[in-house]
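Novice: Sharing a structure here in structure tokens format.
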């Protein structure tokens, strides 16, 4: 047997060739195979980003992206029509909406005075907007998410926003509570994660209810394009 | 159900899943690397590469192959980033600036996946798939190959050959990571993870404002990002981004994917050296360290740390609603313990002691259970050190699995153990001494020290997790992080391959009454003690200046 294999003087060439072969295999064939699976009808809508679609078929966002509709601090906060998501830690304003172009969190440590005063400021702003005492504002309303795009809020924060949303959309509070309940999900399998309310889907449902003058009825909220 | 019960149930489900895969996957991996048979696809690969799959290499030849793979990978990845502006499929993204491209190239070729820019803005699909994803497979396979070479050194006798690097790497990709990644991707797709080539789509929201929906081929990359201890995500927020990790269910799947291969490799070791019992002390050390760190982080977080968390009422700053406090703590411990460096929460917003726990998880040398391959060889190196110290204490010849730990072996062990602390501590100290670093910090004081320490610990351990609070723009930190990643990966890898060669050449001493047993709980305790001792002696002062001072201050 030849003790010095022929490739030994050229391991770099072998490495380069292996890299190119693997590029075809793992950089081309593999993602193509996963993509093909994602085209299966039950997976397709999620693979395309779980778009939120209005009644007339227009895509208005994603059920997974908590991009706040309108500035969370409108000129007249109490006239604001929407449920709001959690603040974004990398935004310019305290309640500022996150941008899908730059997901991320606050740069501050948990004991930073800047962060403490930011949390206090958010508490005051949310309390003013909802017209409630500051003690009633839940923790998730005053803390920024890790992505800045968290589509969920706690059931407590959603409930806090119900009176304002009902009033500004001309809907009975009971109807809005009902919509919140429809978009609330408990822990997965009973023990995974936390109970959450999906805000993008909830806003869509509220708008539909308002447009229909409170008429009841089911409709497609998530679908393919 | 209260949060504590829910958390315990999550742990139970995770442990059951890991226990179920431990034996079959561990044994399968042993067969993959011990099998003399090459399948047809692999033969084609070897023919294209012009290598002889039957040729066994010395440790030097094996190491040359590892270094050459790194060299061509880093070089091509750098070129690909610099050429992004003119490449097809760049989606209009410009070339990556030279210093960022340098660090990213080294980061992905060393299994670190360091990213200092939001990928959703800088990285087009071609670079993502032909560049970064390929390295996610290749660097993982190289990591396992180095560990397997060391195990072979321990298993073989009187030979100077420790395997064939081309065969080991090819099999790692073709027989291990490709099938596992495909299965993982399908599970993630079912869980609602995005997989689209439609690119960023602009939509008009309910209120009339326009924003982009950053669609990307996520599921394919997400799966291998976690399975291969890579950690480089599609978005700046990494696994916190709802497109990468849309629910608490996918979150637990992601934690499992991170732990799957590193845990199974512990069994592979026992199978390959022909004694299952040798895996036991390693498994118990991994379990004890991981459990201790998880308990610490969970306790700190669920009791609501001081500062902003207390003002808000819960430790939710920097966390996603759907994961909650426990889901974030579990993910953080798994990601720092496996050198994955993925994040589903902002680690800078954890309480001081919790951050210390995550840092300890890294500076123990990534052994709980460590990255794919890296974790196993780091554990074995600590085992060798433990055997050596114990034997010194009782006056026996230090032997592990019948292999003597002599001068050459101990020198290699020392290099493997001391490289990381040296890189982390000098890197941190030098960076802190520069005024430019202090300008890039969001905060002064302990939080600033923590941010810099975390950055270099993450780089030297090939973790890749970023810590908010240090703006790694261009320049000094960016470039030194790149160098630290390269040395942190390959100096220990060379030492490990040297060890493999030295052990393979030895015969095997017979087991006598004087042999230190390395299968029982006593050895497990010794192993954990040595790991903690080494880390404590080297890192306690640095930890005291950073997270511990932050927790006390």
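In case you wondered, yes, glycine gets a Cβ from its N, Cα and C as well.
Okay, these came from TrEMBL:
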- B:137-155: transmembrane segment (TRANSMEM)
- B:176-198: transmembrane segment (TRANSMEM)
- B:252-270: transmembrane segment (TRANSMEM)
- B:282-300: transmembrane segment (TRANSMEM)
- B:323-342: transmembrane segment (TRANSMEM)
- B:349-369: transmembrane segment (TRANSMEM)
- B:375-394: transmembrane segment (TRANSMEM)
- B:415-434: transmembrane segment (TRANSMEM)
- B:476-501: transmembrane segment (TRANSMEM)
- B:522-544: transmembrane segment (TRANSMEM)
Novice: With contact taken as 3 or more Cβ pairs under 8 angstroms (pairs 6 or more apart in sequence), are the transmembrane segment (B:252-270) and the transmembrane segment (B:323-342) in contact?
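Specialist: Counting Cβ pairs under 8 Å (6 or more apart in sequence), the transmembrane segment (B:252-270) reaches the transmembrane segment (B:323-342), since there are 3 or more.
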Novice: Test of understanding: applying the rule of at least three C-beta pairs under 8 Å (pairs 6 or more apart in sequence), is the transmembrane segment (B:137-155) touching the transmembrane segment (B:375-394)?
Specialist: yes
Novice: Counting Cβ pairs under 8 Å that sit 6 or more residues apart, are there three or more between the transmembrane segment (B:282-300) and the transmembrane segment (B:415-434)?
Specialist: no
Novice: Taking the transmembrane segment (B:349-369) as the reference, which of B:176-198, B:415-434, B:476-501, B:522-544 gives the largest number of Cβ pairs under 8 angstroms?
Specialist: B:522-544
Novice: Are there at least 3 C-beta pairs under 8 angstroms linking the transmembrane segment (B:137-155) and the transmembrane segment (B:415-434), leaving out pairs fewer than 6 apart in sequence?
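Specialist: When sequence-distant Cβ pairs are counted, the transmembrane segment (B:137-155) does not touch the transmembrane segment (B:415-434), since fewer than 3 lie under 8 Å.
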